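Feature list (source: TrEMBL):
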| type | residues | note |
| --- | --- | --- |
| DOMAIN | 1-109 | domain 'Integrase catalytic' |
Amino acid sequence: MALRSQRPPAGLIHHSDRGSQYCAYDYRVIQEQSGLKTSMSRKGNCYDNAPMESFWGTLKNESLSHYRFKSRDEAISVIREYIEIFYNRQRRHSRLGNISPAAFRIKYYQMTA
């Protein structure tokens, strides 16, 4: 989704854990074709991937724990809305100076233009 909508620059580092979806051949080919560099945490070390682990905890606490989904499609819709509408555009992040990731991205590109 982000590759289609954002078109990240070549050389961007995509860091993940060693989940099967990230190790899959097709996924790795897409990363390579998109110019992304792959970075994976060490086996069995959750501290290598602390920012992503923190995100999943935040998603569960702020959104998923409030629902009993009737279908997979409903779960996908709720997660997509949380990430795209709330987390990226509205939720303030202390690490980013108490602005949203979308606002930070705009500010970053204005400073580097």
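Every residue gets a Cβ built from N, Cα and C, even glycine.
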**Message:** As a test of reading the model: what is the averaged pLDDT for the domain 'Integrase catalytic' (1-109)?
**Reply:** 88
**Message:** Across the domain 'Integrase catalytic' (1-109), what are the DSSP residue counts per state (helix, strand, coil)?
**Reply:** 66 helix, 10 strand, 33 coil
